[in-house]
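**Student:** Sharing a structure with you now.
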Amino acid sequence: MSPRMKAFSRLCGSHDEAADDEKHRVEIDQMSRDDDGSQYSLTGIPLPSLGATAAASSRRAKLRSFIISPYNYRYRVWETFLVFLVFYTAWVCPYEFGFLNEPTVPLAITDNVVNAFFAIDIVLTFFVAYLDKGTYLLVDQPKFIAFRYAKTWLAFDVISTIPSELARSILPRPLKTYGYFNMLRLWRLRRVSAMFARLEKDRNYNYFWVRCSKLICVTLFSVHFAACFFYFLAVNHDKKTTWLSLPNDDNQKNLWNLYVTSMYWSIVTLSTVGYGDLHPINTREMVFDIIFMLFNLGLTSYLIGNMTNLVVHGTSRTRRYRDTVAAATGFAHRNQLPIRLQEQMLAHLFMKYRTDLEGLQQQEIIESLPKAIRSSISQYLFYPLLDKVYLFSGVSSDLIFQLVTEMKAEYFPPKEDVILQNEAPTDFYIFVTGAAELMIRKNGMEQMIGEVQSGDVVGEIGVLCYRPQVFTVRTKRLSQILRLNRTTFLNIVHSNVGDGTIIINNFLQHLQESRDPWMESVLAETEAMLARGKMDMPISTCFAANRDDDILLHRLLKKGSDPNEVDKNGKTALHIAAAKGNEHCVTLLLEYGADPNSKDMDGNVPLWEAMKGKHESATKLLMDNGADISYADVGQLACAAVEQNNIEALEKMVQYGMDTTQPKRNGTTALHVAVCEGNSELVKFFVDQGADIDKQDANGWTPWDYAEHQGHEEIKNIFQNIRESRKPAVIPKSNLDKIGRFQSDPSMPVAALSHISVSRQPTQESSLLGGHKRRRSFSNFHNSIFGVLSANYDKGDGWTAESSSDGGKSNELKRMTLSCLEKGEHVGKLVLVPNSIQELLDIGAKKFGISATKVLTTDGAEIDAKKRGANGFENLIQNIEIETEFHSIAVALNAEKEYP
């Protein structure tokens, strides 16, 4: 492709038919931008049609090769360049028509250069797509573009581009006067009109000055055209009977002076000043004057109307304000309102005028925007403020985000009432700036009892308790306030029950800490309403248990509240009641089906909470109803106690028979954590409890490795003493030495694996993330947590070992590959084939930290537990899986914080 064609194709936006979709996407993005490159501009995007047709109609097809988009940036620059040439044409064409009888060399050369540029534009127009006014789609078919251009503007564009020299040689003699043909070039003025129409919509240009510029251009062109035509009439007539006979003879010798004189006549005629030294003489001049003055009537009306509209628009707000103030003053005088109310009325009207005048019509602007933009604006402006309000302390960010979206910002002038005492509780308010006084009316007198500052909330008592407002809130100075409707607030809180409980707690705590006689009465009334269950706020069973309010708890449970509902820490109401030792609440919850073995996020069960708090009656009550301490995640509890350096909790766990050396689900033991914390006292404690210093975590690190890596000398000495005190194990001679060493091999005979204990399996499923009692779902191959077992053994000359149990009978030592897919353990661990299914389950629990209950084939079939002995696995060891009943808990463990 030649350089010229490449340059043209770049203007068209495509130089290769095989251009990829990414280039096309960039072209579309560029098309949708203004001249300033703003990505939020809609200047170059046709609005799509409604409904299902919008997807097809708004999706712009890729333009054909060598077809230019009318919104192409380079094409827009070209059009702007042509507009400047039109300004030259608008001046020179009337001038040549009126003042020149033959062409001059400079003007002739300039005219032909300008004509050449417009000739190029004619050719270019055949390659510019156009917007179909019927379908509002870009038409890029060349034959349609050519046909449309040919039947519209092609003839005018071609005629206006013909050089004047060629026209004079072709036209008949009466039309050969220089300038006749040039007047046809004024057809190009339509480009200027289109440019001003586009600039009026462009937000980068001031609308007032764009309009003024357009009016000035129209006026100057009208005056210039009339002056040239008026001189043309005089110069082609007997000068003694034209207006040229009126000026001095000296002025008639200079063409420039004649032009200025003509412009002077045109200006005084347009401005209707009247004639003094210049006026029409002959009939032709008088007829032209009549036509020009009739035109001036319309032009003057157009100019005055536009200027009046631009000027009056700036003062219309003041006029409306004055009219409103006059009407309000008349209303106040007619109805003999108190002076204080009159001042409040006028202050409010003035505040509204100020916000309108200074462009602070925030509510009108926000409501005119889509919901997503409104939400983003509200979050940016008000989220930090609401996050510090006492009422929303500790609530979720989702609730605050929903609240700020519904809040309305308002301005209140000084001494204006925001809330009136005893009015209906329809809204509550949060002060952004300013201050206000809390007033009460007593014995007909107003008394100030408090003050509100920025960040405080007012009206919440009436909204939360649904009672008349307690105080009158009156601003002290100019204040910006956020208003939230009660109904909207309650609807949002009802969808966030846990946050509703936090709000009520914050509200009651605020009343308790206020130490005000008025607040004490409100607190007593609120607590009474809570006891009767008449609060509109959603209250959870955890809230009632935390307040030791068994009456409220009973009402909630009778209404159908979930007894296993959890708070943000995963604790149920039974956890809270057990920790407080409240027998009545514990009894109520157990009667309504609360799970006595539910675990919170730290692995605590209600029984442990009662034991930890030394509540013997609650402990006995829980144990009588099926509570079992083995359900607690002992490893998790022990690690948490180490993090808190709480040796008393660890001693109490040992006292109740809990094995503190058990690992968490990720394999980390409390000894690992103690070594990482550098706590030698706790290390000694766990060593005394029999913790294994060579126990590996999920990363394969032992407590000894951590002590050595972190340089804990005292802990290393403790571990060294333990190793030195160990007796070397006596290894009997057998054929086992033929077995290769693998990382996953057990370091003891198969029979030694039988000592591995499996914690008691819960009978009901609970989740660390939620704690809700859930329906047990059928376990299958796809959604359970299991280990896949496959046997890998040598059928021929495999490894063999003497079995001590059958008097030296030789048996093959078979091996299995054990893996846990849903825990991410895709790489198997090689183990010896156990002698029973129970041993198989024990190995799975030891290797992966899970509690296994079933053995399934990979096809999902359950293996009968009666199949015992290695021979029972002969036909099954190819594909076996272990399934755990608590698959949801194991998944949750993947997200827990783990020590390295």
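Glycine is treated like the rest: Cβ placed from N, Cα and C.
Pasting the feature list from TrEMBL:
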DOMAIN    391-510  domain 'Cyclic nucleotide-binding'
DOMAIN    815-895  domain 'KHA'
REPEAT    569-601  repeat 'ANK'
REPEAT    602-634  repeat 'ANK'
REPEAT    666-698  repeat 'ANK'
TRANSMEM  81-100  transmembrane segment
TRANSMEM  112-131  transmembrane segment
TRANSMEM  215-235  transmembrane segment
TRANSMEM  255-275  transmembrane segment
TRANSMEM  287-305  transmembrane segment
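For each feature listed, report its degree of burial, its nearest neighbours and the pertinent distances within the displayed model.
**Tutor:** Confidence for the domain 'Cyclic nucleotide-binding' (391-510), expressed as mean pLDDT, is 87.
Counting residues 6+ beyond its ends, the repeat 'ANK' (602-634) has Cβ neighbours under 8 Å at 569-572, 574-575, 577-583, 586-587, 590, 596, 640, 649, 652-653, 656-660, 662, 664-665, 759-760, 762, 768 in the same chain.
Distant neighbours of the transmembrane segment (112-131): 12, 46, 63, 66-70, 75, 78, 81-82, 85, 88-89, 137-140, 142, 145-146, 148-149, 154, 157-158, 160-163, 188; these residues of the same chain sit at least 6 beyond its ends, with a Cβ under 8 Å from one of its Cβ atoms.
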**Student:** At an 8 Å Cβ cut-off, counting only pairs 6 or more apart in sequence, do the transmembrane segment (287-305) and the transmembrane segment (215-235) clear the bar of 3 or more pairs?
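**Tutor:** They are in contact.
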**Student:** Using DSSP, break the repeat 'ANK' (602-634) down into helix, strand and coil residues and give each count.
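**Tutor:** Tallying H, G and I as helix, E and B as strand, the rest coil: 20 helix, 0 strand, 13 coil.
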**Student:** Six or more residues beyond either end and a Cβ under 8 Å away: which residues meet both conditions relative to the transmembrane segment (215-235)?
**Tutor:** 90-91, 94-95, 97-99, 189, 192, 196, 242-244, 258-259, 262-263, 265-267, 269-270, 284-285, 288, 292, 295, 299, 302-303, 306-307
